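A.B. asks: In case it's useful when we look at the structure, here is the feature table from Swiss-Prot:
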REGION    1-65  region 'Disordered'
COMPBIAS  39-65  compositional bias 'Pro residues'
MOD_RES   122  phosphotyrosine
MOD_RES   132  phosphoserine
CROSSLNK  191  SUMO2 cross-link
CROSSLNK  211  SUMO2 cross-link
REGION    357-382  region 'Disordered'
């Protein structure tokens with residue numbers, strides 16, 4: 001038998017040999033017996049550790065060293081305390097350059113200025129309609145979503161706005177807070193009182209009607225607000241016959257009647273001098289304006305697209321005298337008679353009020369007709 005010497009070469013390694021060869025130090029290999037092999041699935045599991053909170057920890061509230069002496073409320077900055085104290089002092093240092101209205105905060109002035117500039121930065125994503133205030137946009141979006149968060153507790157009917165619910169609830173209670181100071185008749189809506197005031201010539205003037213409406217709206221909100229707003233307002237009636245006191249503290253609006261024999265001098269100490277006349281009054285909220293354009297801008301911003309707009313239509317016919325808008329031209333022509341002739345006339349036959357079709361040149365014809373309305377005069381020729 002012949003023996004040969006051959007060079008040894010490593011053969012193919014199995015999986016275990018490859019694992020051992022991969023370690024430089026054989027000591028790193030852990031060899032366990034069958035008894036030491038852990039069972040699967042494990043019998044005991046430790047609870048998972050809670051993940052650390054995402055983001056930075058909440059910042060601590062800053063100290064509030066500035067305290068209001070009136071109510072004890074504290075603030076972190078002196079400027080915030082100064083702004084808060086204006087609610088107690090009534091200071092309004094921010095004035096509008098266009099209408100003179102004052103505000104306690106500059107941000108409120110910025111919002112008010114949008115009435116004059118026409119700026120509408122808030123747009124509806126559904127229809128593209130724009131608004132001057134975010135609150136108006138929120139109310140408008142309920143038209144698309146169908147949301148009606150204000151529900152009547154009496155009948156269950158829902159509304160999109162709180163003021164609509166307040167108007168509706170008067171139908172259940174029968175409350176008529178808007179009272180005519182001349183005859184004591186009550187109305188549930190301020191616009192109904194405005195139409196009724198045309199029957200009283202001494203109350204149909206723009207300036208007088210504005211005071212009556214504003215005082216009636218304030219009195220409907222509460223006696224405290226009525227007294228704090230303007231107190232007593234004395235309105236002359238006729239030529240020295242007497243006055244009507246509107247907004248007298250401690251009295252109901254129905255008790256504010258004509259004071260015969262008081263004279264024109266009695267109106268002096270009772271009247272409170274206003275900074276500027278505001279003959280144009282919003283029939284929805286009672287707010288007064290010095291110009292018709294301001295009233296129209298207010299109504300479009302706060303109460304919709306203007307007076308006379310039915311079903312969301314844009315009023316295309318605007319009165320140049322007061323800024324009131326109408327959808328139809330015929331309604332505008334009827335409205336212009338108020339500015340052309342002033343107070344309405346009362347028919348001597350039927351007692352109904354009516355407006356003459358022309359100005360002073362038709363007074364002779366009206367007197368010749370005996371002060372009768374066109375319906376009564378027209379019936380004579382039939």
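Just so you know, the numbers here start at 1 and follow the chain as drawn.
Here the Cβ of each residue, glycine as well, is placed from N, Cα and C on the backbone.
Help me picture where these features are in the structure shown.
C.D. replies: The local packing around residue 122 (phosphotyrosine), expressed as other Cβ atoms within 10 Å of its Cβ over all shown chains, amounts to 16.
Under the three-state DSSP scheme, residue 191 (SUMO2 cross-link) falls in the helix class.
Residue 211 (SUMO2 cross-link) falls within a helical segment according to DSSP.
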A.B. asks: Can you tell me which of the recorded positions 132, 191, 211 is spatially closest to residue 122 (phosphotyrosine)? Compare CA atoms only.
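C.D. replies: Comparing Cα positions, the closest of these recorded positions turns out to be 132.
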A.B. asks: Taking just the CA atoms, what is the gap between residue 132 (phosphoserine) and residue 191 (SUMO2 cross-link) in Å?
C.D. replies: 25
A.B. asks: Counting across all protein chains shown, how many other Cβ atoms sit within 10 Å of the Cβ of residue 211 (SUMO2 cross-link)?
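C.D. replies: Taking every protein chain into account, the count is 26.
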